[in-house]
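Undergrad: Mind having a look at this structure? Questions to follow.
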Amino acid sequence: MYNNGSIADVETDDIESEVGESIYSRPLLIKRSNITSQIAIVGANVCSVESLDYEIPENDLVNEDLRLRRKIQVFQYVLLKWVFALIIGLSTGLVGIFSNIAVENIAGFKLLLTREFMQKHEYYKAFIVYAGCNLGLAASAAALCAFIAPSAAGSGIPEVKAYLNGVDAYSILAPSTLFVKIFGSICGVAAGFVVGKEGPMVHTGSCIASLLGQGGSRKYGLTWRWLRYFKNDRDRRDLITCGAAAGVAAAFRAPVGGVLFALEEAASWWRSALLWRTFFTTAVVAIVLRGFIEFCSSGNCGLFGEGGLIMYDISAAKVVYSAPDILAVILLGVIGGLLGSLYNYLVDKVLRTYSIINERGAAVKIVLVITISLLTSICSYGLPWLAKCIPCPDQVSTSCPNTDVSGNYKSFQCPPGHYNDLASLFLNTNDDAIRNLLSTNTAKEFHISSLLIFFGAVYFLGIITYGIAIPSGLFIPVILAGSCYGRLIGRLFEPVSKLDVGLFSLLGAASFLGGTMRMTVSLCVILLELTNDLLVLPLVMLVLLISKTMGDMFNKGVYDQIVKLKGLPYMEAHPEHYMKNLVARDVVTGPLITFCGVEKVGNIVLALRCTGHNGFPVVDEPPFSDAPELCGLVLRSHLLVLLKGKIFSRDRVLARNKILHKIVELDFAKGKGLKVEDLDIKEEEMDMYVDLHPIANTSPYAVVETMSLAKAAILFRELGLRHMFVIPKSQGRPPVVGILTRHDFMPEHILGLYPHIRYRK
């Protein structure tokens, strides 16, 4: 479900004061001595959208676990990473094959049934059968999304981007989401919607990786000893990055493009070891696809996968271009940027409207899906009646008129020896329609008027379809519309151009992709792997650069807009310009709750009950230090594990060895599901003490209070942090000024503090 991105939906470790001061008051250090009275009047700004703990803490328990880890355990950990990458590649490849075969056969049966009635001239019955099949499939997809996994609706790429950025949005990678994503996508694409299964495949691969990265489950008895190494957010993030790349590879048969997509668009954090595992995962996907394509080439699997790993083969066209061709390519880039920015703007408006409609319940969601399905069926079946019947060309490589469920030259209502060019586009699967538009040596196949009608319909239907309660990708609608107006430009430049109209279709698709997605390198490689023609590389690069530049002049990429619209606190790669005019201490809010190295149990329990903080500074004071000094950061989940173990003492003393013997590092991972309500602390135990030193991260990331906010934001994002300490510049002050979290870098928070800074130069 979409919302308007209210900052109330964003996790924060800052708390509001309700005693007459603004929420954005200067930070105040709350001492242990008066923590009870202070917390009683303090409320927590809590939200369901959490951040992820990508950082592995450096504390006594973790260091002890690493010290005791043997070489065989290190080998097991490394080996398991590669085994998981192999499993992700195999599973995603098999899901991709299953989805393609299912869509081709379901849609093929529907089109064959429709054609049988058309041949009998029973046109009304043909429409009823066609629209009825579409409605049934659409309602099935909508019911799956509405009742089982609402988070499976849409593309899923924005949610995966947000997760890899550090946002743990609820249920986006759950098993129910995976189930609905697979079967809902099959039903939605087979129902004739102007959507694709490519975006959902990215989400599917990420869900598969997430299941493997859970580190086992005590609930279902999956507690294999080796899996304990993966009970952390960092390793799970790396696996999900591999899953996202595998999804692209399975959807487009583009293994290298999948790696580059994960690097350019999905992941916010990258390293060389992750590059190797991602590349290995996509290579496995490519091998699996190739093997099944060979198996299905005899026709046993429907119409899936002809042409090997190439979806749209244009290698037959000669790539020879001159100055007029370059001008046409530049024009395509400009048109793609303008149409792409307009597309993003309209999608944003439609999504905001649908968010209001979808809030009224599951029944309303299904009714909306059925309405869009009926409109799509009317357009797909009705608009071909506007086209004139065209005599079949003399020399064609395929039969004309076509008698199969796919391919060019569909007869529709035309007499023998004629075909309907609009029916060849509308009454096909989306993949086959793109294949027809990219077909080479067929310059006169489609009338200019037919291309205009099809482009207008696809552009409009693509906008109103995205956002309804079905799994739906944006790649295919964009490629459809782009290849259509690319072929149209090719027809207009035909007297002066040497390029085949099929190549113009490819360049049009590239321009529209660049204008909407705002990607360059990954899209370029994906398109080259799709079409098997390296000779068009310079033209594709040029058109992508121009269209992206034009689009960036008006708005952001479509996935960035959707992330913002969903209210996910996404950290941008480039800070806002006004952040350079602020320093870290300017956005720190308070009051700040700290714990002593040896803290009273009652103070900790009260802080956990009354706040939503996920991290607390630990400050040592005399007699444990000569002066107040920052000891480290302790996480909420770790505090709960420690309190659950009840390793308390009546005196305020250090108890490091006692804690190390009773709690191991693995208990921290198991304690993530603990809540304050699960604690059973007796009244007499509230006055006892607990040593926090063994579980405190003694090397938290910290910045000086005078660092520019823009620089701090870059560090926060690139290091994948959840907490960042702000420390004072001068001596004689408390050792920590405050904690910066994801919320503090959000524009809504900063502009709430300083409304006029946006306009300051």
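Think of each number as a place in line: the chain as shown, counted from 1.
Every residue, even glycine, has its Cβ placed from backbone N, Cα and C.
These came from TrEMBL, pasted as-is:
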type     : residues : note
TRANSMEM : 82-103   : transmembrane segment
TRANSMEM : 124-149  : transmembrane segment
TRANSMEM : 169-195  : transmembrane segment
TRANSMEM : 239-263  : transmembrane segment
TRANSMEM : 269-289  : transmembrane segment
TRANSMEM : 326-346  : transmembrane segment
TRANSMEM : 366-387  : transmembrane segment
TRANSMEM : 451-480  : transmembrane segment
TRANSMEM : 501-528  : transmembrane segment
TRANSMEM : 534-551  : transmembrane segment
DOMAIN   : 696-758  : domain 'CBS'
Undergrad: Between the stretches 239-263, 269-289, 451-480, 501-528, which wins on the count of C-beta pairs under 8 angstroms to the transmembrane segment (82-103)?
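TA: Of the candidates 239-263, 269-289, 451-480, 501-528, 269-289 scores highest.
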Undergrad: Cβ pairs under 8 Å with the transmembrane segment (269-289): which stretch of 169-195, 239-263, 366-387, 534-551 has the most?
TA: 239-263
Undergrad: At least three Cβ pairs under 8 Å linking the transmembrane segment (169-195) and the transmembrane segment (501-528), pairs spaced 6 or more in sequence?
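TA: No, the stretches stay apart by this measure.
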Undergrad: Can you say which of 124-149, 326-346, 451-480, 501-528, 534-551 has the most Cβ pairs under 8 Å with the transmembrane segment (366-387)?
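TA: If we count Cβ pairs closer than 8 Å to the transmembrane segment (366-387), 124-149 scores highest.
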Undergrad: Quick one: do the transmembrane segment (451-480) and the transmembrane segment (534-551) have at least 3 Cβ pairs under 8 Å, skipping pairs fewer than 6 apart in sequence?
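TA: Contact between the transmembrane segment (451-480) and the transmembrane segment (534-551): absent.
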Undergrad: State the residues, same chain only, that lie 6 or more residues beyond the ends of the transmembrane segment (124-149) and have a CB under 8 A from a CB inside it; answer 'none' if no residue qualifies.
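TA: The answer is 106, 110, 113-115, 117-118, 171, 174, 176-177, 179-181, 183-185, 187-188, 190-193, 362-363, 365-366, 369-370, 372-374, 376-378, 380-381, 468-471.
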Undergrad: DSSP says what for the domain 'CBS' (696-758): how many helix, strand, coil residues?
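TA: Going by DSSP assignments, the domain 'CBS' (696-758) contains 23 helix, 12 strand, 28 coil.
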